[in-house]
Amino acid sequence: MAKIILAINAGSSSVKVSVYSYSSVSDEPKQLAEIQIAGLTAPPATLKYDRGDEHIKDKKIDGIQGPEDAFEEILKHLTSDSGLTELQHADDIEFACHRIVHGADYREPTRIDNDTYHHLELLSDLAPLHNAGALDIVKAVHKKVPKCTNVAFFDSMFHQTIPEATYTYAIDQVKAKKNKLRKYGFHGISYAYISRAVSSFLSKPPSQVNLIALHLGSGASACAIKGGESLDTTMGLTPLSGLPGATRSGDIDPSLIFHYTHDAGKLSSSSTKELHITTAEQLLNKESGWKAITGTTDFGEISSKAEQGDAACKLAFDLFVDRLVGYIGSYFVKLDGNVDALVFAGGMGEKGVQLRKAVVNKVKCLGFALDDGKNGSPDDDAVASVSLGKGEKAVLVCQTDEQSEMARECVTLADKLRRL
Ligand SMILES: Nc1ncnc2c1ncn2[C@@H]1O[C@H](COP(=O)(O)OP(=O)(O)O)[C@@H](O)[C@H]1O
Ligand SMILES: CC(=O)OP(=O)(O)O
Ligand SMILES: [Mg+2]
């Protein structure tokens, strides 16, 4: 009988869940449905639901308080859809795969039992604004689907191959090791998907493919991928560093926080019993980025207003292009100029026509060039080329899919995860 996997992606502003079935561990999981609640930080949230090729629902939804609420609403929708015959009762779910942003030194997908749960809770201090929401969903699954096996997939896992000189911060090494202060890197589930999908598109094994990959969503990062493995990435100890995001500052001079507010080190009003965040973390993570410069977190809106001459939007747009081309240049050198493709992914990477144009224009000197026609409407496949011709290095758009990456890995590991 077919077994059901739920793959749950708790992002900073959305909860996305895909439903898969599989019969044996040698199967590719088959996607049955995809549902998401987005806009959690800018209510009212929106719910989108697709089953197979059918678009079932797209509506605004009130009263969603956070990720746990969003998940319960999603589960209710899935189990009450009579068209989704494979999932009529929550107990039909064998595995729930959870995207956990910070896994510190976890090196592989891990079954979540009581001990792992508490260990992950302790890690929340390293990613105070990310892990807590995902753990709330783990709790909700435990309550609503007690028979299913919860498995943690870590965003940080893909970056274990980053060399020591790259992941080390130039601070006291005893304190650094004791407190686990180093670059971890995130969006790794997405980069694993991108590396595999692009290698298959280029008809080469991942071990022979070098990429500069850009995951540009509410949180944005870049990654240098060498032979299918992470060589460097822009996020660090937490997802705050590197590129700016919807509400995140990205890299700043660390001294800036002492000039920003005298209360920077005090606990912020968002702190709760489980969550300890300072005013500085609150400001730089939640009240910076596009929201601070333009008043909106929607980069689509920022891009069109920038074109119409809105000064704040133009500043945000140009600032992002500036940071992006800086990292592309740096990673091009780190990869010795052997780059098979520059890959755009994530909401802004996939939909940001103007953004891709501005970035690729600036990195022409590295051998990248865009086909304006293809860039305006890329093919709807997992990977589409938007580059000019065969002479130039490839520029690709990848519709990254963290849920499918987790489900695929879960099927491969199913026997081991069940036995543990
Ligand atoms: N047409 C567009 N052009 C550029 N960016 C867009 C466009 N439409 C949506 N976006 C951006 O995509 C982001 C969402 O990306 P996504 O990867 O789904 O985010 P998340 O981090 O929540 O997973 C939105 O915050 C928005 O800024
Ligand atoms: C790691 C991270 O920033 O994730 P998201 O983009 O979902 O916020
Ligand atoms: Mg995301």
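Each Cβ is built from the backbone N, Cα and C atoms, and glycine gets one as well.
These numbers come from a predicted model, not from an experiment.
Going by TrEMBL, these are the annotated features:
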type: BINDING; residues: Asn9, Glu402; note: Mg(2+) binding site
type: BINDING; residues: Lys16, His215, Leu216, Gly217, Ser218, Gly219; note: ATP binding site
type: BINDING; residues: Arg99; note: substrate binding site
type: ACT_SITE; residues: Asp155; note: active site, proton donor/acceptor
type: SITE; residues: His187; note: site 'Transition state stabilizer'
type: SITE; residues: Arg248; note: site 'Transition state stabilizer'
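Within the same chain, the residues at least 6 positions away from Ser218 (ATP binding site) whose Cβ sits under 8 Å from its Cβ are Gly11, Ser12, Ser13, Ser14, Gly245, Ala246, Thr247, Thr297, Gly347, listed in sequence order. Only Asn9, of the recorded positions Asn9, Asp155, His187, Arg248, have a C-alpha within 10 angstroms of the C-alpha of Lys16 (ATP binding site). Checked against ligand 3, the recorded positions Asp155, His187, Leu216, Gly217, Arg248 give Gly217 in sequence order as having a Cβ less than 6 Å away from one of its atoms.
Ranking the binding-site residues Gly217, Gly219 by other CB atoms within 10 A of the CB puts Gly217 at the bottom. The distance from the Cα of Leu216 (ATP binding site) to the Cα of Asn9 (Mg(2+) binding site) comes to 16 Å. Remark: of the recorded positions Lys16, Arg99, His215, Arg248, the most isolated position is Lys16 (fewest other Cβ atoms within 10 Å of its Cβ).
Here the candidates are the recorded positions Asn9, Arg99, Asp155, His215, Gly217. The one whose C-alpha lies nearest to that of His187 (site 'Transition state stabilizer') is Asp155. In the three-state DSSP reading, Glu402 (Mg(2+) binding site) counts as helix.
By the rule that a residue counts when its Cβ sits under 6 Å from some atom of ligand 1, the recorded positions Asp155, His215, Leu216 yield nothing. The 10 Å shell around the Cβ of Leu216 (ATP binding site) contains 26 further Cβ atoms across the protein chains shown.
Using a 10 Å Cβ-Cβ cutoff, His187 (site 'Transition state stabilizer') registers 32 neighbours. Looking at Gly219 (ATP binding site) and Arg99 (substrate binding site), their Cα atoms lie 15 Å from each other.
Straight-line distance linking the Cα atoms of Arg99 (substrate binding site) and Arg248 (site 'Transition state stabilizer'), rounded to a whole number, equals 20 Å.
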